[in-house]
Structures are given as structure tokens and as C-alpha cells.
Amino acid sequence: MDFSKLKAESKPTYLPRPAQSMKMNDPDAKVLYQYPKGQFKFPVIPDRERLRRNRQDEQPVRTAGKKQKAEHQKKHETRKKSNSASGEDQRENKLKKIQPSNVPFRPTEIPSPIYGFTRPEKKPTATKEAVESQFENKISILENEPFEIPAIYHKNEGELSEPNPSSEEIETERKETIDKTIPENGVFSEVAVSAQAPVLPADTPETVIAEAGMEMDTKLQTEIDAEFHEDERAVPDGSSFFSAELVDIDTDTEAVQLNAVEENHDYWHEESAPVSVIEERVPVTSGIESDVWDEPIQEQTEKREDVSRKKHIPFNVMMTKQDRDRWIQLQSEASQKKSLFEDEEAGVYENVSTGMQQSETITENRIEAVSDHDEEPPFYAFPSIELLTPPAYAQNDQEWLEEQSQLLNDTLKNFNVRAKVVNVTQGPAVTRFEVQPEPGVKVNKITNLTDDIKLSLAAQDIRMEAPIPGKHTIGIEIPNRKSKPVFLREVLDSEAFKKDRSPLAVALGLDISGQPIVTDLKKMPHGLIAGATGSGKSVCINTMLISLLYKATPQELKLLLIDPKMVELAPYNRIPHLVSPVITDVKAATVALKWAVEEMERRYELFVHAGVRDISRFNELADKAGQYSDKLPFIVVIIDELADLMMMSPADVEEAISRIAQKARACGIHLIVATQRPSVDVITGLIKANIPTRIAFSVSSQVDSRTIIDSGGAEKLLGKGDMLFAENGSSKTVRLQGTFVSDEEIDQVVNHVKNEQAPAYLFEQEELLSKAQVTEETDELFYEACEFAVNQSGASASSLQRRFHVGYNRASRLIEMMERQGILSESRGSKPRDVLISQEELEFILETSGGN
Ligand SMILES: Nc1ncnc2c1ncn2[C@@H]1O[C@H](COP(=O)(O)OP(=O)(O)OP(=O)(O)O)[C@@H](O)[C@H]1O
């Protein structure tokens with residue numbers, strides 16, 4: 001192809017492509033373009049535009065308004081460009097369009113994001129009156145607010161009503177305002193600067209724009225105040241709160257202003273000259289300033305420029321999602337600050353004690369009411385050890401022991417088991433013979449001989465521990481010829497008990513080697529005691545209680561005793577440690593357990609407020625603060641015979657027990673549950689899983705033993721205090737002879753404690769019973785059913801069934817309840833029951849009972 005020919009062409013041309021070549025799809029075919037020559041004309045700038053540009057050139061100082069306008073123009077042009085389609089025809093059209101013509105300018109119709117092409121009828125452009133009224137609106141909003149209105153707003157009102165003040169006047173006023181607003185230290189107040197804008201005349205649409213900018217400035221500054229002066233929260237109504245309110249108002253007024261801006265959209269695009277007039281005034285008015293002034297004004301104009309730039313973007317004056325989110329965030333921050341301030345004022349976070357006081361308002365603190373605030377706890381003398389029976393010393397039965405050892409060796413030899421007794425330990429009720437098998441002898445060779453050994457030793461029962469954990473021997477436990485009772489005093493007098501500083505230390509008994517076993521209920525943290533009748537459960541609970549009376553003051557420990565058997569724990573009535581008299585009623589017991597759950601929740605709330613994890617830390621802090629009365633006592637809930645409770649209301653009891661067992665440890669509530677029947681319907685999986693410490697007394701079968709301690713062995717126990725103790729989830733059980741405490745001892749100790757302090761019950765059994773009654777009788781539909789019956793002047797079970805979509809049982813129960821309450825008459829055969837109360841009486845009932 002000859003390119004030199006093509007160069008000679010003067011006009012841009014498309015090379016004519018023969019139809020044939022098109023068909024042939026010639027790969028060499030190309031489209032070339034050349035710039036026009038000769039007739040080309042640069043676009044002529046309209047006169048008005050040139051004038052404006054000249055004026056701009058004359059202007060020495062660049063202002064923020066200029067930047068704003070230039071940017072706007074740039075955007076406007078870009079938008080125009082983007083609207084114009086590419087291609088030659090379009091280019092030519094564009095050239096035509098740019099050329100000056102006498103046809104008046106008409107704005108391109110752009111669909112509104114809100115109205116589309118069907119915009120509402122345009123209101124007359126914002127006149128001076130319109131702007132004034134907008135300002136008046138704004139001022140009236142501000143005046144209705146409780147806070148003080150900046151004087152500048154009032155001033156503006158006056159200024160707006162004045163016809164076009166001269167530039168000198170503006171300047172003097174501006175000077176005055178600046179003088180007033182400059183602090184002595186010379187730091188320029190941003191609010192003062194931002195408030196200068198309304199001084200500009202308000203008779204042009206551009207003024208409206210400038211004012212809108214000012215609005216945005218004020219908003220910006222209030223937002224900046226809110227964000228950067230967060231630590232300024234000392235004012236009750238809060239400067240931050242004020243800011244948030246102001247932002248709120250500004251958002252509204254801004255919407256109004258932006259409306260005006262949008263309505264003057266045509267001016268915005270077409271007549272930009274007045275804008276420059278206003279912009280020119282800025283350097284004139286700010287010309288008085290020295291270097292100190294320049295900087296803030298520069299900042300301020302920059303801000304305004306930013307704001308104007310922002311304002312260009314949306315025609316949409318509706319609150320966008322981001323705006324809303326931001327607004328909500330600002331409001332919530334303000335309210336948070338306010339609440340924080342209020343909290344601080346109340347001194348909530350001052351110390352633990354005040355935290356506790358605040359929490360007291362959440363739940364009823366009944367324990368606090370027991371003791372006086374900020375006083376030393378009342379004196380409590382622990383009972384003397386002399387009140388208990390002295391320990392019994394068993395005679396050394398050495399002869400019998402040697403005899404039994406010999407018998408055991410002979411039996412093993414007779415059965416060809418190469419093993420012999422290497423050690424003998426005599427406990428209070430049982431003696432353990434340690435047998436060591438020779439190498440190569442299987443353990444089960446010995447364990448298989450249980451019955452044979454029992455026969456040859458003529459023992460009542462034997463229990464084998466094969467092997468003894470941590471030893472090379474197998475333990476064969478044979479009951480003593482004469483069992484020695486372990487009196488409580490023996491353990492309480494031991495070093496182990498005396499040295500234990502926990503108020504919840506309890507004596508359990510002596511192990512097989514005669515060592516006292518003391519456990520801490522805090523570590524337990526909940527215990528399950530199970531065994532057949534007469535095996536020693538009640539005695540065990542008694543020894544625990546007496547131990548506690550020897551260790552804990554009534555201020556340190558509160559007891560909730562539930563004794564459905566009625567007689568076992570009765571002696572403890574009226575001791576100062578009780579939260580209520582011993583509960584013997586099963587229904588009341590259920591409610592009492594619920595109280596314990598509530599108390600647990602209350603304590604956790606207290607801990608949250610005090611910022612502690614558990615009761616010991618909480619009490620430590622209360623001690624340090626000298627708030628002895630705020631210390632929380634430990635609560636030990638003892639249930640003697642869980643089976644009775646489980647028979648009555650299994651769901652409620654199981655729920656309460658498992659909730660306490662699950663999480664009450666840290667808040668100082670401990671649970672000890674005793675039962676005769678260790679079957680799975682009493683000790684459910686849920687209860688068992690949450691009570692890690694188990695004490696198994698003698699049971700009748702290995703299955704029962706497994707239910708209690710997850711292994712056999714309890715069926716071989718001797719009864720009368722012989723027990724297997726599995727501490728806190730341990731699979732290893734320890735055989736103990738439980739301590740014994742007689743009724744006389746209990747009476748003596750209890751009398752002493754009763755004399756020390758009077759009981760301060762938190763509730764009586766009757767209260768619990770009435771509460772249980774109410775709970776039982778409550779039906780959430782009751783009040784609605786009453787209203788229905790009164791409105792219908794009668795009710796029947798079937799009508800209630802239809803109205804409330806309930807079953808017959810519930811409907812008839814509701815009818816019976818209404819009858820008992822005297823709302824409905826008694827049954828009259830097939831006739832409907834009469835309503836015995838009026839509408840007013842019903843309303844009174846509803847008001848007094850709280851049902852509505
Ligand atoms: N540690 C002990 N030392 C000596 N004797 C004991 C001991 N524990 C219990 N006994 C004896 O066993 C008897 C029954 O004990 P206890 O009343 O505690 O049994 P229980 O398991 O509570 O029975 P129930 O479930 O029927 O009430 C007591 O009267 C007492 O004589």
C-alpha cells in the first residue's frame with residue numbers, strides 16, 4: 001500500500017472498501033485517520049467564561065473557593081466528556097456545540113437519582129427571603145435546645161435582614177468577631193473561624209452554597225470535637241453530648257441547605273462568576289491578619305474546600321447508610337460518655353465496695369441486711385473441743401494379727417500360690433495384710449482366692465486391693481475382731497485439722513493406717529454421699545456439720561439444710577449459721593434450691609462488677625477496703641435424702657442441683673447430697689457428672705457401687721461408717737472409717753453455738769411454701785382468661801379452649817382457678833358459670849396483682 005498518497009489527503013477519510021474485498025475479508029485492509037487541515041478551528045471560549053478567567057488572573061491570591069470551583073469545572077467537563085460518545089460524527093457534533101451561538105444555554109436533563117425524569121416542579125430559586133427563612137428555621141431549632149446558642153447565630157439573623165453590607169462593613173465586623181473569639185494565648189478557635197462564613201451576603205445562590213459549606217464546617221468541627229476531645233467528659237450534659245445534638249440538628253439543616261443547592265443546580269453550572277466575587281472577598285476580609293492568622297484561616301478554607309468537594313458528589317440529600325451508621329455511632333458514643341460520666345459521678349469504679357453497692361440495686365442483697373455495714377464482725381467463740389467425747393484407744397491386738405498372718409500364708413501355700421504377707425496395718429475397723437507375690441505369680445491367682453481366704457480366715461467379709469496403688473503388694477482387708485469407733489474429737493484434735501485454715505475443712509475419719517483424713521469442701525467442691533440404710537450417711541453429715549461449726553463463724557458460713565426425713569438435722573435449728581430453719585418440706589426444698597441458684601447468679605453479678613473471679617478474691621478486696629459486712633459468706637447446701645426430693649419434682653430439683661453443681665464453686669456455694677438409693681433415677685447422669693467428690697458407704701450390690709464411685713467395692717464395706725472416699729474426680733478410692741458423733745455431742749456443740757449468736761434467717765419455710773403455692777397456681781393465661789370471662793359475662797372450659805387454643809386440662813384448671821379466686825361461680829351442671837365480679841373489680845385485681 002502506498003502511504004505517500006495517503007499523506008497527501010487533506011481531510012480525514014475512511015478508505016473506501018470495495019464490496020468485493022469485504023467479502024474476501026482482506027487481512028491487509030486498514031482504517032487510517034488524519035488530523036484535519038486548513039478548515040480546522042479551535043473551540044472558542046464563550047465571552048462570559050473569558051471574562052471570568054481574566055478576573056481570576058487578576059486575582060493575586062488563590063482562595064479555597066477557587067480551588068473548589070476549578071475542581072467543580074473539571075468534574076463538569078469530565079462528565080460532559082464521558083457523556084459524549086466516541087466517533088467522528090460525535091466529535092463533529094461536539095465541535096459544533098462548543099462554537100458560540102445565540103441559542104440560550106439549556107442544561108442537559110440528567111435523571112435524578114430520586115425522581116428520575118419526573119422531578120417535582122421546581123420551586124422558585126432560593127431568594128434572599130428563602131435563605132432568611134431557612135436561617136430563621138435553624139435559629140428557632142437551636143433556640144429550642146437546652147444549650148446555649150452561639151451568639152453568632154443571632155448575629156447572622158440580623159445581618160441577613162440587612163441589604164448587602166459593604167465590604168468595609170463586613171471587614172470591620174469580621175475583625176470584631178475575630179477579636180472576640182481569639183483566646184489570649186493566641187490559639188485560634190476553630191469554631192470562631194467557622195462561624196465567619198455567614199457574614200457573607202445572602203442575596204445570591206452562591207451565598208446559599210457558601211452557607212451550606214459553613215454548615216458543613218460547623219458539622220465537621222463538632223465531629224472533630226467529638227472525636228478528638230473524647231477525654232473531655234467532665235461536663236454533666238457533656239460537650240460531647242452537645243456535639244452529638246448539634247450534629248443532629250446540623251444534619252437536618254444541612255439537608256435543607258442542600259435542597260436549596262440542588263434547586264439552584266442550574267446556577268451552579270451556568271453562572272459561576274458570582275462565586276468568584278464571594279471568593280475574592282475572603283482574602284480581603286482576611287487581609288488584616290498577620291502570620292499567626294494565616295494558618296488557621298488557611299486550614300479553615302481548606303476544610304471548606306473539602307466540604308464543598310464532598311458536597312459536589314451527592315445530589316441525593318437522603319441520609320445514606322454510612323451517614324446513618326456514623327450518626328448512630330456518634331449518638332451512641334455521646335450517650336456512652338454520658339452514662340460513663342454518671343457512673344463515675346456515682347463512684348461505681350472507685351473500689352470494690354462501691355461496686356458491690358451498685359450491684360445491690362440489681363438484686364436484693366438479703367445477706368447484707370444481716371450484718372451492719374463497715375463494722376467489725378460480731379465476736380464468735382468457737383465451741384470447745386471438750387464438748388466432744390474423747391477418743392477411744394484400742395488395745396493392741398498383736399497376737400490376733402500374727403495369727404491371721406500365719407493363716408493367710410498357709411492358705412496361699414495350700415493353693416500353690418507363691419506369695420507371703422510382708423506387712424500388716426491395723427485401722428480402726430479393718431486390718432490390711434499386704435501380700436507380695438513371688439516373680440511369675442499372676443495377681444489374679446490371688447484375687448481368685450477371695451472366697452477361699454474368707455473361708456479359711458473365717459472373716460465376715462474381705463476386700464482385696466490388687467495391687468495397692470504405688471506398691472508391689474496386694475492388699476487384703478479383713479475386718480477387725482473388735483472395731484474401734486472413731487470419735488470426732490480424735491480427728492478435730494489432729495494436726496491435720498488444726499492446721500487447715502479453710503473455714504470449710506471437715507473431718508471425715510481415719511484411713512486404714514489410722515491417719516486422720518480431713519477434706520476441704522472448697523476443694524470438693526460438691527459431694528455425693530450414698531449408701532444403704534444404716535450405713536452411716538447421716539452420721540457422716542453430722543460430723544461434717546459439727547466440724548464446720550468448729551471452723552467457721554456464722555459470718556463466714558451459711559448453711560441451707562434440707563432434711564426430708566425431718567429428724568436427722570432437726571437439732572441444728574436456730575443456730576446462727578442457718579439461712580432458714582431446717583427445711584423438711586419437699587416443695588419448700590425445691591423453692592429453696594431455686595433460691596440458691598438465684599443467689600449464685602447474684603454473686604456472679606457482684607463478681608463482674610467488682611472485677612474478680614471468685615469469692616476468696618472478692619472477700620480479700622472487701623477485707624482490704626474494711627467493708628467486712630460486704631464479705632460474702634460461703635453457703636453449704638446439704639440435702640439429706642435426695643431420693644425424696646427427686647420423687648416430688650424431679651425436673652426442678654435436677655435442674656437446680658445441676659446448675660449449682662456446674663458453676664457454684666467459684667461463688668462459694670457448695671452442695672452435699674446424700675441418698676439411700678443410688679439408682680440412676682435419683683443420681684441422674686447430669687447430677688453425677690457435676691458432683692465430682694463421692695463417698696460410698698456400704699451398698700447391697702456392685703451395680704450400686706458402680707453408680708456411686710464408678711467401680712465396685714462398696715458392696716464389700718462393713719457399714720457403720722466404713723466408707724470409700726473418692727476425692728474430686730479421682731478414680732482411686734480410699735477406705736476410711738468415718739468419724740462418729742453422738743447426739744449428746746451434737747446437742748452440746750449446737751447449744752454453745754446458739755448461745756453465741758441469734759439466728760438471722762433470710763426466709764422461713766412457710767414463705768417458701770407460699771411461694772411454691774403461687775408458682776404452682778400461676779398460669780400465664782390466667783389474667784387473660786379472667787378478662788375474657790368478664791367480657792363475655794361467663795366462661796366455660798370449652799370456650800377457653802376455643803379462645804386460647806389450649807387443651808381441656810389447662811382450660812378446666814383455669815376455670816377452677818377463677819372459681820377459687822371468686823371470679824366465676826361454681827359449676828351449675830350444663831349451664832355456663834356466672835361472672836361474680838365487675839369490669840372495675842377485674843381492673844383492680846389486675847392492677848394489684850400486676851397482671852395486665
Ligand atoms: N462412723 C460410725 N462409727 C460408728 N458407728 C456408726 C458410724 N456411722 C454410723 N454408725 C452407726 O450406724 C447407725 C446408722 O447410721 P446412720 O443413721 O448414719 O445411717 P444412715 O445411712 O443415715 O441410714 P438411713 O439412711 O436409714 O438414715 C448409727 O446409729 C450408728 O450407730
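The backbone N, Cα and C atoms fix where each Cβ goes, glycine too.
Pulled from TrEMBL, these are the features on record:
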type	residues	note
BINDING	Gly531, Ala532, Thr533, Gly534, Ser535, Gly536, Lys537, Ser538	ATP binding site
COMPBIAS	1-10	compositional bias 'Basic and acidic residues'
COMPBIAS	46-60	compositional bias 'Basic and acidic residues'
COMPBIAS	64-82	compositional bias 'Basic residues'
DOMAIN	514-706	domain 'FtsK'
REGION	1-30	region 'Disordered'
REGION	42-121	region 'Disordered'
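Close to ligand 1, meaning a Cβ under 6 Å from one of its atoms, are these of the binding-site residues Ala532, Ser535, Gly536, Ser538: Ser535, Gly536, Ser538. Counting only same-chain residues at least 6 apart in sequence, those with a Cβ under 8 Å from the Cβ of Ser535 (ATP binding site) are Phe697, Ser698, Val699, Leu717, Gly719, Lys720, Asp722. Annotation for the binding-site residues Thr533, Ser538: lowest Cβ count within 10 Å of the residue's own Cβ, Thr533. In this structure, Ser538 (ATP binding site) is part of a helix by DSSP. Under DSSP, Gly531 (ATP binding site) is assigned to coil, being neither helix nor strand in the three-state scheme.
Under 8 Å, Cβ to Cβ, and six or more positions away along its own chain, Gly536 (ATP binding site) finds Phe697, Gly719, Lys720, Gly721, Asp722, Met723, Gly738. Other C-beta atoms found within 10 angstroms of the C-beta of Gly531 (ATP binding site) number 29, with every protein chain shown included. Of all the Cβ atoms in the protein chains shown, 13 others lie within 10 Å of the Cβ of Gly534 (ATP binding site). Cβ-based neighbour count (10 Å, all protein chains) for Lys537 (ATP binding site) stands at 24. Residue density at Ala532 (ATP binding site): 20 other Cβ atoms are found within 10 A of its Cβ, drawing on all protein chains shown. Taking the mean position of the Cβ atoms of Gly531, Ala532, Thr533, Gly534, Ser535, Gly536, Lys537, Ser538 as the ATP site, the remaining residues of that chain whose Cβ falls within 8 Å of it are Gln676, Phe697, Ser698, Gly719. A mean pLDDT of 88 is what the model gives for the domain 'FtsK' (514-706).
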